[in-house]
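What follows is a single structure, written as structure tokens, with notes after it.
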Amino acid sequence: MDFDVAASLGAFVIGTVLGWSSPTLTMFEKGTAVSFEVSAMAAATACSLFGVGAVIGAVPAGAVSSVFGRRVSLIVSEAHVVFGWLMIAFPKAARMLYVGRILQGVGCGAMCTIIPMYVGEIAEPEIRGFLGGLYQLFVVSGILYSYVLGNFLNYNQLNLACGVWMVIHILGVLYIPESPYFLIQENKRVGAEEAMARLRDPSHDCKSELDEIQKFIEEEQKNSYTAREVLEKDVNRRALTIGIGCMFFQQMTGINAIIFYMKHVFEISGSDISPEVCTTVVGTIQVAMTFASMMITDKFGRRSLMVYSMTLMGICLLALSYYFFSKKYNPHVAETLDWLPLVAIVFYISMFSIGCGPIPYIIIGEIFSSELKSMGTGMSIATNWILVWLVTCLAEPMDKFIGPSGTFFVYSGFCFMGMLFVVNCVPETKNRSLAMIQSDLEKN
């Protein structure tokens, strides 16, 4: 599992980049971040451009990793993040912030595609859910890291504290073996045997597992398919619908609008608790609940956790909608409910961390056949990041035109629609090998 941890550390890097927005927005507003003036619109634009870069990185990442391998692709992805941090740490104008955030997005978007793919290929079925949850645990831990340090470090110190994790991840990637799936696809059986020997206990029957992988890949590579031919297969269209659908509803719950602008949400709520304390409390609980998710994903299954989490998230957002509606039209009632925003957001984040957050990444590492894996993973992650950008860009206009009450009401609707999508479309993949999952999709 050391190799899984080393690869998944890239998710911590992604978390630090995501969490960076919340504290630095306040620094830009106060004029303490950089030597030139950054307007509120420019700061918000810089934050949201991360999503644009992530789309650019996610779309080709699967194909690139299929040509050059998972390890090399992860190192190239981190190189983009390195240059992004340099642009953000030493900007001369707002456009350097824009370019830096786009570069960070390119690297992080690519890692979001490659890491679940790699972990899904090297993990044993019995612990694949646990290791998939580890990815999300690192993301939320990175977000908390940025939240906490942003409360007392200045702009340059925060950039340095976040950037150091790139170096740690690059060193970790140099240590991990290449994916046996990739090596067999490249007809490097000896290399696959060496990699599998490093990934499994000495007592494990590596030969049988490699034979199963080789048989699975050979059956799918008997014919060379174009993208159109791949998508003509019902099983592939079904898998792609599941992958893209899970990512669509994950983001349309409004999670990144809340993460990016959490301080602002607590400021406008009028709560007596300081925004800094609130964001730290929420971030801490998010980490704790994501860890809990790792413990139960392989016990209760992906599908049921997604259904329960989306349902309860929708209820939390309805509660927030009611609070802000009361704050506007019945302030006396809202005064008695000043505790509600923190409680609702804590519970919302908890439910997201148990199901809707980690499980879509587990599913896209399991659901695609080898012929669809590169394209399917790339399209699913691209969908995710397009919606990150869209949701964060629309957060301010929605707040202006329909208010926080209307905004949270819309997000709650998507939670309930997502629950119905999972109930009707998503199969259970707990304790199933990748070959068995494909067989299940073909039967259904």
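Glycine is no exception: its Cβ is also placed from the backbone N, Cα and C atoms.
Among the features that TrEMBL reports, domain 'Major facilitator superfamily (MFS) profile' is placed at 3-430.
Sequence annotations record features per position, and here TrEMBL assigns transmembrane segment to 43-65 (among others). Residues of the same chain lying 6 or more positions beyond the ends of the transmembrane segment (43-65) and with a Cβ under 8 Å from any Cβ of it are 17-18, 21, 24-25, 28-29, 73, 76-77, 80, 84, 94, 97-98, 100-114, 117, 182, 260, 373-379, 381-382, 384-390, 392-393, 396.
According to TrEMBL, the feature transmembrane segment maps to 96-118 (among others). If you look at the transmembrane segment (96-118), the same-chain residues 6 or more away from its ends with a CB under 8 A from one of its CBs are 7-8, 10-11, 13-14, 17, 34, 38, 42, 45-47, 49-58, 60-62, 64-65, 70, 73-74, 76-88, 90, 132, 135, 179, 361-362, 364-365, 373, 377-378, 381-382, 384-385.
Sequence annotations record features per position, and here TrEMBL assigns transmembrane segment to 130-149 (among others).
The feature transmembrane segment is assigned by TrEMBL to 155-176 (among others).
Panel annotation: around the transmembrane segment (239-261), residues 18-19, 21-22, 25, 47-48, 143, 231, 306, 310, 313, 317, 345, 348-349, 352, 356-357, 359-360, 363-364, 367-369, 372, 376-377, 379-381, 383-384, 387-388, 391-392, 394-395, 407-408, 410-411, 414-415, 417-418, 421-422, 425-427, 441 of the same chain, lying at least six beyond its termini, place a Cβ under 8 Å from a Cβ of the stretch. The transmembrane segment annotation in TrEMBL covers 239-261 (among others).
Taking Cβ pairs closer than 8 Å, the transmembrane segment (305-325) reaches residues 246, 249, 253-254, 269, 293, 296-297, 334, 337, 340-341, 344-345, 347-348, 351-352, 354-356, 359, 403-409, 411-413, 415-416, 418-419, 422-423, 426 in its own chain, all 6 or more past its ends. Look at TrEMBL and you will find 305-325 (among others) tagged as transmembrane segment.
The annotation transmembrane segment is assigned in TrEMBL to 345-364 (among others).
Taken from TrEMBL, the feature transmembrane segment applies to 376-395 (among others).
Sequence annotations record features per position, and here TrEMBL assigns transmembrane segment to 407-426 (among others).
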